[in-house]
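Since the structure comes first, as structure tokens, the remarks are kept for the end.
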């Protein structure tokens, strides 16, 4: 029986190996078709390691040197180490003073938990108002700085003010390092990073506001945004290995969330970035999977930020969330159609229209169901800015008159041209943009893109990270041409993109491909120019600007403001602890920092109630009666009024932009446009009249202190009003 059953068993056993052998042979054939990469020789690996090591060393050194430069310049400018604490604090002006004052409050708190509670239920800053200062002013940097100062034992080594500004200067070093790395990743040479840093420092008047206002939110946030852009640049590269891709993804996730927590306007910048990635995906230059992974990071950061920012409704109604949600829905509705076909092109157009429509619809729906008051004044400002509406409102006109919210001046373009940044940026942008269009038209015509782009191809527009940066810089530049304050976001981008271009052989090869250069070998010439041009630029910048930088560090400047010091000293010695002060918002910020006394208003422009308060308090510089001013001040429980001579007697370069002019326009005491009715005021300007000390002003206000710049009046308690 065993012998009879043997053959069938044998046959069954033979069939299985036969099929498995076929599969294995098929796999072997497929594997044999794929070229196996040869292991690089040892000397090549050593060259790569040396290149990366030198580049990383140069990037870190550049960041450290810039941080040290800022520290030295700040010391020479303000003579900081030789000043008393009060004089140091006066160097923080406006909203910067408010941020630093809360850092001081955190250090004075008996515990971190108690300090956070007092900030989130703050009723000691603005009279008759309890605010969540952490949410409203994005005080997470101050919370982190205070806990680091105490946890590291720095209170025994360094003063709080030096620790605070040291962190900000350190972040600026990281900012420069991130720009260095981004330019290096795009060009393939760390020489581009060095040129980026040089342009950034030379044009620092237009790249950063760190010299004038250290605690600004943008100085804390933009370094993380630069790290996010560097990680995104690496993530979009086609030739990135798995480990590098994972590292870039994690860095991008962490920096995106941190950036969103540090600055209340961060989601608007990320919205522009999301638009750039959406257009990149539309053009099919990069795999959609990577782009949608970035969208997931946005959603995660928005919802985590919403929860940790005390359920901040501004994040739910932000255009970023609406756009990303629309993109995710559109992807679910997409059909699998053969790429390059006519139907696929039609679907692309429909998809674009669908995303735009869904974004607007979702944003409207969210605003209908989510109660919010955030940034409503921004929309009104933009309407007036672009001529869609006219207004006599004091706050709107005051914002329009701010230099940072106006169009860039000719001096701005002249400075960028003198440093050679603008000409090279325009050259690089034109070449990259035209190459991008070339790639898009090839794609529309059904030509497939190459998996690997070589230097000989001369198609820099096929690289997805380049296309993303071109779109992003055009969007940022367009906004910066309307609002000058956005140059502090755009110009660092300009430095990075211009440096990448002049150091990239691919860019020069793309240009030579168009010119059909034949006299000299184009690849050789591209390699030579990618080294020679940045070297010449660097030497010229060194010769012209390095002596200026050294002169700035050698000059000992002095910040001298004795009148403000005297005013703060008088308040601390003479005013009751429970006193409430009224005056310009900028001065109120300094009073809050230097004395800790309660004030009626703050230099913040993201809250409608505070904006209304500011406008009402500014009426002390208008043509209103003593009784009107008294009613306004007592409605906020103010005990003291401070009149600034600089505002009362302001002689501004632009008539109509002085505070008193804006108040006259708002109150109808000055003709703004033809056809407006002029309302005559029988009262003189209050800030002038109150100084004369005659009735009825003396019945309401008693002068208790004055110097060359400030006049302090005690607000009397009166029973009856006199006309």
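Every residue gets a Cβ built from N, Cα and C, even glycine.
Small disclaimer: the values here were computed from a predicted structure and weren't measured.
Feature annotation from TrEMBL assigns region 'Disordered' to 1-33.
If you look up TrEMBL, you'll see 18-32 marked as compositional bias 'Basic and acidic residues'.
Per TrEMBL, the feature transmembrane segment maps to 52-73 (among others).
Counting only same-chain residues 6+ beyond the ends of the transmembrane segment (161-178), those with a CB under 8 A from a CB of the stretch are 59-60, 62-64, 66-67, 70-71, 74, 85, 88-89, 100, 103, 145, 148-149, 154, 197, 200-201, 208, 210, 214-215, 219-220, 222-223, 226-227, 229-230, 492. The feature transmembrane segment is assigned by TrEMBL to 161-178 (among others).
Packing against the transmembrane segment (184-202) from elsewhere in the chain are residues 51, 54-55, 58-59, 62, 66, 69, 176, 230, 233-234, 237, 419, 421, 465-466, 469, 492, 495-496, 498-504, 530-531, 534-535, 537-538, 541-542, 545, 549: each is 6 or more residues past its ends and has a CB under 8 Å from a CB in it. Per TrEMBL, transmembrane segment is recorded for 184-202 (among others).
As annotated by TrEMBL, transmembrane segment applies to 269-285 (among others). A Cβ distance under 8 Å defines the sequence-distant neighbours of the transmembrane segment (269-285), meaning residues of its chain 6+ beyond its ends; these are 225, 232, 256, 259-260, 291, 294-295, 298, 318-320, 323-324, 327, 339, 348, 351-352, 355, 436, 439-440, 443, 449, 462, 464, 467-468, 471-472, 475-476, 479, 489.
Here the transmembrane segment (316-337) has Cβ contacts under 8 Å with residues 267-268, 270-271, 274-275, 278, 288, 292, 295, 298-299, 302, 306, 343-344, 347, 351, 354-356, 358-360, 362-363, 366-367, 370, 372, 374 of the same chain, all six or more residues outside its ends. The annotation transmembrane segment is assigned in TrEMBL to 316-337 (among others).
Here TrEMBL flags 349-370 (among others) as transmembrane segment.
Tertiary neighbourhood of the transmembrane segment (422-441): same-chain residues 283, 285, 413, 416, 449, 459-462, 466-467, 469-470, 473-474, 494, 497-498, 500-502, 507, 510-511, 514, 537, selected by CB-CB distance under 8 Å and a gap of 6+ residues from either end. If you look up TrEMBL, you'll see 422-441 (among others) marked as transmembrane segment.
Sequence-distant contacts of the transmembrane segment (466-483) (same chain, six or more residues past either end, CB-CB distance under 8 Å): 186, 232-233, 236, 272-273, 275-277, 279-280, 283, 285-286, 385-386, 404-408, 429, 432-433, 436, 439, 460, 489-491, 493-494, 497. The feature transmembrane segment is assigned by TrEMBL to 466-483 (among others).
The feature transmembrane segment is assigned by TrEMBL to 489-511 (among others).
Look at TrEMBL and you will find 523-542 (among others) tagged as transmembrane segment.
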